[in-house]
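The active site annotation in TrEMBL covers 214. Per TrEMBL, the feature active site, proton acceptor maps to 281. The annotation Zn(2+) 2 binding site is assigned in TrEMBL to 212, 247, 310. Among the features that TrEMBL reports, Zn(2+) 1 binding site is placed at 247, 282, 607. Sequence annotations record features per position, and here TrEMBL assigns domain 'Peptidase M20 dimerisation' to 328-482.
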């Protein structure tokens, strides 16, 4: 029954219903009046002349409709435009699926072709109990040699704590005899390791595989919290326990194990393979990878490597699909030192604000004004979201639609941006972040503090810069500096007029003179050969032990980014194709959904107590490097 009582409603409702049945794009759309003065109900019957609700006059020829002729023309013009727009939408994108050109095209699984028999044989060997025993010994032996690095270490030759790396080198020499018989080893700054596996075709650019020897220190106060002692290398039948078992001795030992295995199979590369192992990644990288980068550039030249692979993320289940996320960029960083000075004296005669009180107000200003995340289409994480939305089986329809529409709609991009802001992990991977990590002030309870300082760590978005962060912080604290009558100096620029009266000083500076711009973004499109090779290698490695034959059942590869920094920060001039990836994830046969939400990659205890590596996952890391070396050897990069 037509419940509309407005003049002309019958004619308009007929048009709306006719539109519903003739329209083939979205049949659920029901037309309403231009003024939205009333709503129509889905499924109403068409009113007839005999209907008690038919209100249009029947006999007055001058009043055939209550709406003037101009309104009907406008209404039909509106309908024509709307129909054309809906037709356009039909052929550009579907609201619920990706039925146009793929936003996240996938490379096919890439298994070695020329070396297929060798790859098959190596795969069988990796799957054998004997090889598993060797892998346990390789990783366990490396963990047993402590190689801690600290933030306050003096240069090599001055600080005796570097001597711990000597025994580790002795271990590598004994554990990998074929590597040391067939590869050239050069030591850089005493403990940096540069290996070269020289290929037969010197016209081919080499590939560079990187890792670091050092581990974060074990807090002596936490030793009793470890299930097994932190440097025991204990194997419980499933995992190797100890500091460095994952970060990053699993990467370093995985690389050397893969080469030892290929040499055992009598493989000799056409493309040169270079290894670079730093020894202070956990502290600064300057002594290790910094020196190695200078050395490698001297030996090979700028832009001399076809691709670089260093430690990074792995694969996990997301929205019902397994997704691998090699990082194609890293955030920049700067540690901003916020320093306040004020007159001292006895605390029994205090001023209105002490230096600690002023510093507290400044830090509250930081906390109340976090950087606003701005999601840009050129962000690596935007590409990640596109891949998850396209290939995640369980992605909510509304989210999938928003991600798809955001490729051309700024309004949809803003909706997606808000979704990212509400997830603190996603938010940390996109925008610039800040964290107050250190604070200090005062020396005695009855003495006014003459100085107080804090360090605010910033991780800089790939679409921002050091200068932008410095300008932001300078502006943020300017008014407070004025309110507290402080002489204000920010990053070397004095912002207070000369001779102005002041009750103290506020100084912003780079705490360690080590600010870093965001990393260049590695190409990841369909024409980026190194990325396509890496993607195909990840898929082939994932498929092999699981017996997967179809790409539809394989892992999805999505470009992503690192929120932290790796040794690759020193390698930017060596190649534009830099990837941060280890093939870490749930082992074949394990339940992808069984892992703890806080530990989706199975990276148990990284940088904390009870670090341990599942041995079957470690075997997959070896398989990955074997496959990568063989694929790179056959590829046109």
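Cβ coordinates come from backbone N, Cα and C, glycine included.
Under 8 Å, Cβ to Cβ, and six or more positions away along its own chain, the residue listed as 'active site, proton acceptor' finds 149, 212, 214, 248, 288, 289, 566, 567. If you draw a 10 Å sphere around the CB of residue 607 (Zn(2+) 1 binding site), it holds 12 other CB atoms from the protein chains shown.
Ranking the binding-site residues 282, 310 by how many other Cβ atoms lie within 10 angstroms of each Cβ puts 282 at the bottom. Distance from the CA of residue 310 (Zn(2+) 2 binding site) to the CA of residue 282 (Zn(2+) 1 binding site) is 14 Å.
Between the recorded positions 214, 247, the minimum number of other C-beta atoms within 10 Å of a residue's C-beta occurs at 247. A simple way to gauge crowding: the CB of residue 212 (Zn(2+) 2 binding site) has 28 other CB atoms within 10 angstroms, across all the protein chains here. When the alpha carbons of residue 607 (Zn(2+) 1 binding site) and residue 247 (Zn(2+) 2 binding site) are compared, the span between them is 8 angstrom.
If you take every residue in the domain 'Peptidase M20 dimerisation' (328-482) and average the pLDDT, you get 96. Take the mean position of the Cβ atoms of 212, 247, 310, the recorded Zn(2+) 2 site; other residues of that chain with a Cβ within 8 Å of it are 210, 211, 248, 251, 252, 278, 281, 311, 566, 567.
For the recorded site, residue 310 (Zn(2+) 2 binding site), the DSSP three-state label reads strand.
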